[in-house]
There are 6 protein chains.
Amino acid sequence: MEKGVPMYLVTVLLFALACSLASAFDPSPLQDFCVATKDSDEFVNGKFCNNPKDAKADDFFFSGLDKPGISVARIDFAPYGLNPPHTHPRGTEVIVVLEGTLYVGFVTSNTDNRLFTKVLNKGDVFVFPIGLIHFQWNMGNTDALIFAGLSSQNPGVITIANAVFGANPPINPDVLTKAFQVDKNVINYLEQQFK
Amino acid sequence: MEKGVPMYLVTVLLFALACSLASAFDPSPLQDFCVATKDSDEFVNGKFCNNPKDAKADDFFFSGLDKPGISVARIDFAPYGLNPPHTHPRGTEVIVVLEGTLYVGFVTSNTDNRLFTKVLNKGDVFVFPIGLIHFQWNMGNTDALIFAGLSSQNPGVITIANAVFGANPPINPDVLTKAFQVDKNVINYLEQQFK
Amino acid sequence: MEKGVPMYLVTVLLFALACSLASAFDPSPLQDFCVATKDSDEFVNGKFCNNPKDAKADDFFFSGLDKPGISVARIDFAPYGLNPPHTHPRGTEVIVVLEGTLYVGFVTSNTDNRLFTKVLNKGDVFVFPIGLIHFQWNMGNTDALIFAGLSSQNPGVITIANAVFGANPPINPDVLTKAFQVDKNVINYLEQQFK
Amino acid sequence: MEKGVPMYLVTVLLFALACSLASAFDPSPLQDFCVATKDSDEFVNGKFCNNPKDAKADDFFFSGLDKPGISVARIDFAPYGLNPPHTHPRGTEVIVVLEGTLYVGFVTSNTDNRLFTKVLNKGDVFVFPIGLIHFQWNMGNTDALIFAGLSSQNPGVITIANAVFGANPPINPDVLTKAFQVDKNVINYLEQQFK
Amino acid sequence: MEKGVPMYLVTVLLFALACSLASAFDPSPLQDFCVATKDSDEFVNGKFCNNPKDAKADDFFFSGLDKPGISVARIDFAPYGLNPPHTHPRGTEVIVVLEGTLYVGFVTSNTDNRLFTKVLNKGDVFVFPIGLIHFQWNMGNTDALIFAGLSSQNPGVITIANAVFGANPPINPDVLTKAFQVDKNVINYLEQQFK
Amino acid sequence: MEKGVPMYLVTVLLFALACSLASAFDPSPLQDFCVATKDSDEFVNGKFCNNPKDAKADDFFFSGLDKPGISVARIDFAPYGLNPPHTHPRGTEVIVVLEGTLYVGFVTSNTDNRLFTKVLNKGDVFVFPIGLIHFQWNMGNTDALIFAGLSSQNPGVITIANAVFGANPPINPDVLTKAFQVDKNVINYLEQQFK
């Protein structure tokens, strides 16, 4: 049934709590807040902050606050929309279902690669531990809506299919052929989907 | 206009990510996850975990996962409902407005005790830094709804009025009279509201 | 008896371990030390350090050391002097009584808003957990002296009365009237004490 | 050329610095060391430690020390052996090449899914940032040997192919078909390799 | 002048903020506080806490509070008393001089093994960075008194002379002879002082 | 037997994961990585990073990656070579023996100053807890080789003999005479070895 379904069924709207260019870290704060400067050309770990005297309420609104240690994302699903298998290298995720019915799951690490799945309805909450591969799938023919909290303001996202078969430049096909233990034609076919 | 409005206009539904009895901490995890045991009589920092082999998907659902480092709360406001001035001693808060129009604010520490306020509409996001006093007020005559992410699974809540004038046993009235620099009758009147 | 007692009975002398202008954080150090530059115009998380080759003993003396993760404060009390209810948004406090007799207390979070109090004499030690509202009151007619250690070099101080009734600009009186459940005249009276 | 090469060409010998059953975390230690008890039936975050008086040198030898915050792994490669694309959900990895020539690489997160690769010879060092997908491949027809340090004593390993196509129970084929944008036959073929 | 001066001139009174038997760690708290149980026979990282309902003010008094992340010490010096070269493996130290005049110093790591010294008088504050070798010496013929704050409730103390020449059992004399590049007789002489 | 053995028997090759000039810290990262700029004249906690778009594989190769939270060292021992008693003020160390037979040990803190020793052979692993004094000695008449992982990219090294008897300027001989409880001639003799 997912045939013909366009790719961007899932809209992830991560509220950008940190400027995307500057490298920063998640320690304990030493001031009430640090409003990151927006117009700096420098890349600095530990961002430049504006003079606290110059802070204004808008700095906390969709939000220039540096290092809150947390971020929130709104994820909209079209009917049968999928947020495909991915990991957040730097954050645990907690989701709350606002609308719709979702089938969600995650796989543990190599200890046993177990799959945990659950059908979630409105009001349900589910947790995806840091770094584990997980997915969310709208099972119904209506829109679905979830909110996600992540334990870092820049948790990162690695969509498995894109990172493995759509890397730029591509990963050596010999590596992938051996890793997935299939014929090289299959790898070529997979890589063509992510060009 | 808030006269006659009943007290419990604001429903805060904190999704209980950690058992309330056990003491726990927010470090980096060393396993994929730890599902806290629910039936222990012991109070232990660093909870007892179930055998990972016995974990099941429901353990991640409204959620037994120990130490995710994050929690989410749904906050419902009746018309003109107020989430009164409070602090979270152990967490920064990020909110997202889903319905309604809210007037929100926080006050910085003694450096200057500045008040930052903002009127938020649907889709707006705002950040309240850790430990600072803040409030959210539904300005409209319709219900309002926000979701909050907090940077700890047990951030704590201290409602200022309740902690200061409704402590149990009460704080010595001489302390409060001097602290608020008013007549002792005023302190008595305030304390009576929180008995 | 506190009538007519002037306001600044309590002298808190926080040894300024970090420059007040620069935003900084409390992680684990990667060098023996970082002496923050004093004359920078920039606001930066993760301060500029002087060249370690240029460090001198005075840099560790009343103290330019960046990020020691700790600070100490000397607090002098006049007879019947009060350090009024306040919180440290970013630090746990340990005090040691050197002279005098103090009545101290703190209130737990909303779980039960319990008040814990104790009369402390010379040599006694007491702990105020991070973010909780607490106070110290000199019960005697002689001076008192305590030393406090705080688990951050910039723990912050929020004096409740000042932040709530003396914010700048003032918090909307409707918010405070509802929060403290009293007549608006009482709120006006309280706010006038902190102008 | 990798045809006919048996699967387990890569021997990863992770020196087990923590007991595998107990849940534990990576904070700062408060004692000189904590030797975890080996024979406990309890699962506890924050392990039981032996009485420090009973510690002996063997406790630090292949190593019972709890929470060292670090682990080391020896990885042996047969000729053309591959350590296939994988992530460590809880650790950054640093490797040192002792013997042989390796082709290594990692892919950044969804920002751009860029592939970084490098040919490493004896004495070379390379870093794989936390949570990113990476691989190491012995390019030569002789054995290769590397040592890896990881920034946690239980960094975890998720081999992408196994977690995605070999989860137990399998991930719903509709999810994988949509995620990899290929015919369901291809997914079935891939899943059969990991049964 | 220090000839004939008895050894225990320096009294370090570390206020014991954590039970000495239990292994514990310094993360962020998840409850308002955890009062460690005193009578447990178990050694556990992450201590057993008493039921918070059973806490009383005395638990915060000379102090049963678990994991405050900080400790304070009172150090009394007889005339010409020395707190000999030592390190704190798990804490930065800040001192405040209350009485007397002290000559203090610390040595940086192998980068250059530089000595930083300072004469401190009443009211002076000095910082000793984590893990560096330092000492405090009462230069005068009157008593001296300092208070120290340390950035862990169990920072540890390693007195260099005792650890190197008074270890139990002794370090192999060949190791010490080579390390200090002196005749073995000198090592034997030194070791005899610490038996 | 160690007579006549030249000093630099032990070659510690610490792979320099961080630029030596810039001050930096070990928190959790907020980006995939931060490649520190090499040519900056500024000293900054939280280094300047290059624009991530400009990163190349060589940045991860002997390694410009900022804040990996870990470092590795190769240590080569001549026959009977000694890595003399030292501490790492900011890191726990794990070693793996690749060649030779080593006698290793560490001393606990003042609780009891106990010495833990072990003879290690090829393949053995041993852990030295953060901040404790330890040593490694090649017992045999052949070369030995170990790899060490350290839980910080800048753990620091303090060689006890050098820091105590070779500080620059020298520690006051009265301090050392009293600390080691020996004749001042012995201190002078020791200090002469480290000039």
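Placed from the backbone N, Cα and C atoms, the Cβ positions cover glycine too.
In TrEMBL this protein carries:
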SIGNAL    E:1-24  signal peptide
DISULFID  E:CYS34-E:CYS49  disulfide bond
DOMAIN    E:47-188  domain 'Cupin type-1'
BINDING   E:ASN83, E:HIS88, E:GLU93  oxalate binding site
BINDING   E:HIS86, E:HIS88, E:GLU93, E:HIS134  Mn(2+) binding site
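For E:HIS88 (oxalate binding site), other Cβ atoms within 10 Å of its Cβ number 25.
E:HIS88 (oxalate binding site) sits 9 Å from E:HIS134 (Mn(2+) binding site), counting Cα to Cα. The most densely surrounded of the binding-site residues E:HIS86, E:HIS134, judged by C-beta neighbours within 10 angstroms, is E:HIS134. Note on the domain 'Cupin type-1' (E:47-188): DSSP counts are 26 helix, 57 strand, 59 coil. Mean pLDDT for the domain 'Cupin type-1' (E:47-188) in this predicted model: 86. All chains included, 24 other C-beta atoms sit within 10 angstroms of the C-beta of E:GLU93 (oxalate binding site). The Cβ centroid of E:ASN83, E:HIS88, E:GLU93 marks the oxalate site; residues of that chain outside this set whose Cβ lies within 8 Å of it are E:ALA73, E:HIS86, E:THR87, E:GLY91, E:ILE95, E:PHE128, E:HIS134, E:GLN136, E:ALA148, E:LEU150, E:PRO155, E:VAL157, given in sequence order. In the shown protein chains, 25 other C-beta atoms lie within 10 A of the C-beta of E:ASN83 (oxalate binding site). Other than the site residues E:HIS86, E:HIS88, E:GLU93, E:HIS134, same-chain residues with C-beta atoms no more than 8 angstroms from the centre of those residues' C-beta atoms, the Mn(2+) site, are E:THR87, E:GLY91, E:PHE106, E:PHE128, E:LEU132, E:ILE133, E:PRO155, E:VAL157. The two recorded residues, E:HIS134 (Mn(2+) binding site) and E:GLU93 (oxalate binding site), show a Cα separation of 10 Å. In this structure, the CA atom of E:HIS86 (Mn(2+) binding site) is 12 Å away from the CA atom of E:GLU93 (oxalate binding site).
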